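Student: Quick one: the structure is below, questions incoming.
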Amino acid sequence: MAARSVAVGLLKRALSSQQQVRGMSSATPKRKVAVLGAAGGIGQPLGLLMKLNPLVTDLSLYDIAGTPGVACDISHINTGANVEGFAGEEDLAKALKGCDLVIIPAGVPRKPGMTRDDLFNINAGIVRSLASAIAEHCPGALVNMISNPVNSTVPIAAEVFKQKGTYDPKRLFGVTTLDVVRARTFLAHRKGLNVRDVDVPVVGGHAGITILPLFSQATPKVDLSDEELDALTKRTQDGGTEVVQAKAGKGSATLSMAYAGALFAESCVKGMNGAQDIVECSYVASSVVPGLPYFSSKVRLGPNGVEEVLGLGKLSDYEQKGLDSLKSELMSSIEKGVNFVNVKT
C-alpha cells in the first residue's frame, strides 16, 4: 500500500502541475521523451518516473542492452505514455526519431575513491557518440545531460553539436537539480522546516567545490551560524560521496538522481508547452561569470528551452569567496571537455 500511495502521489503532483500550465489549450501537446542509458541504475527509475508523468505521451528507452525488458516492465503501468525499448547502436536512430526531449544518464557510476573526474575518459566517449546521434536524428530536441562529469560532458556535447552544425545553446542543459534537492533537504532538516516550503538556489557547477549553494537566498529566509553554513555547504558539495560511502562502494546516487532528473525534465516539458515563470537552476552556456562559458544558475524555461539566464543576485561574503575559489577548477573541467572533442577528432 505504501508503494501505491507514492505512485498515486506522483501522478497527482504531475497532473496538478499539468492543470496549472497557463497559456495552453485543453488538449495536452504530444511530447516524446527519450532516456539514453535506460537500463542503468539511474535510467530505470527515471524511466518509471517519466512514465508516471502525464505530460509525456511517448517514452523511448534506449541502452546498449537490456532495454526491451525494462520497457516491457514499465509499459504495464496504467498511465497514458506509450513506451518503446531499443537496444544496441543499430536501434539508436529509431529511439531518437521525433524526440522533443532527450535525457542522458548513460555512463558508468562512481566507485569508492573515484572522483567525477575519474569517470571522464569512459563517459566522455559515450556522450560524444550519443550527441552525434542526437545531432543527426533529433537536432531540435532539448538535451538534459546527467552523465558525469557534467562540468565536462555539457561542453563535449556542445562541441559535437557545433561540428555538426546543430548547436543551439538554449537547448542544452546540465542537470544540477540534485544539488538543489540536497540543499533543500539538508537545510530543512537542520532548521526544522517543512521541506516542501524550502528552496535554495545552487550555482556554479556539478562537482565538489564547484557546487555553490546560496543559502543567503534561501526561501524561507533563515539565520545560519558560520558553523551551520559551512557544514551545510560542504554536505551539499559532498552529497554524492556520502551516498557512495553509505552503499559501501556498491552503488552511487541513482534513486535521488532519477528523482531530480524527472523534476527537471518535467519543468522542461512544461516550458515547451507554454507554461509561464518556470525557473530552475541548470548548467548552461552562460555569461553570468566572466571567463566561464558554462555556469549553473537560475534559468527561465520556455518553448525554445532557455528563455533567459538569470543573474546571481547579491552574494554573501562566504558565497563570494566560494565563487572565487571554484572558477579555476570549473574552467579546467570545461577546457577538458572542449579539448576532448577537438583533439580526438
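Heads up, the Cβ atoms here are built off N, Cα and C, so glycines get one too.
Curation does not apply to TrEMBL; its annotations are automatic.
Below are the features listed in TrEMBL for this protein:
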- H206: active site, proton acceptor (ACT_SITE)
- G37, A38, A39, G40, G41, I42, G43, D63, N123, I146, S147, N148, M257: NAD(+) binding site (BINDING)
- R110, R116, N148, R182: substrate binding site (BINDING)
- 32-174: domain 'Lactate/malate dehydrogenase N-terminal' (DOMAIN)
- 176-341: domain 'Lactate/malate dehydrogenase C-terminal' (DOMAIN)
Student: Could you measure between G41 (NAD(+) binding site) and R182 (substrate binding site) for me? Cα positions, answer in whole angstrom.
Tutor: 19
Student: Round to a whole number and give the Cα-to-Cα distance in Å for the pair N148 (substrate binding site) and M257 (NAD(+) binding site).
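Tutor: About 12 Å separate the Cα atoms of these two residues.
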Student: Measuring CB to CB from G37 (NAD(+) binding site), give everything in the same chain under 8 Å that is also at least six residues away in sequence.
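Tutor: Set apart from G37 (NAD(+) binding site) by at least 6 residues yet with Cβ under 8 Å, we have G43, Y62, D63, I104, P105, A106, G107, S147.
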Student: Taking N123, S147, N148 as the binding-site residues to compare, which has the smallest set of other Cβ atoms within 10 Å?
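Tutor: N123, out of the binding-site residues N123, S147, N148, has the fewest neighbouring Cβ atoms within 10 Å.
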Student: With a 10 Å radius around each C-beta, find which of these recorded positions (R182, H206) has the fewest other C-beta atoms nearby.
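Tutor: Comparing Cβ neighbours within 10 Å for the recorded positions R182, H206, R182 has the fewest.
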Student: Taking the Cβ of A39 (NAD(+) binding site) as reference, which residues of that chain separated by at least 6 in sequence fall under 8 Å from it?
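Tutor: Sequence-distant Cβ neighbours: L61, D63, I64, A65, G66, T67, V70, A87.
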Student: Counting only residues 6+ away in sequence within the same chain, which have a CB under 8 Å from the CB of M257 (NAD(+) binding site)?
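Tutor: The list for M257 (NAD(+) binding site) reads I42, L46, P105, I146, L178, given in order along the sequence.
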Student: Give the residue from the binding-site residues G41, G43 that has the most other Cβ atoms within 10 Å of its Cβ, counting over every protein chain displayed.
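Tutor: Neighbour-count leader: G43.
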Student: Between R182 (substrate binding site) and H206 (active site, proton acceptor), what C-alpha distance do you get in Å?
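Tutor: Here the two Cα atoms are 12 Å apart.
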Student: Please spell out the DSSP helix, strand and coil residue counts for the domain 'Lactate/malate dehydrogenase N-terminal' (32-174).
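Tutor: Its residues divide into 66 helix, 28 strand, 49 coil.
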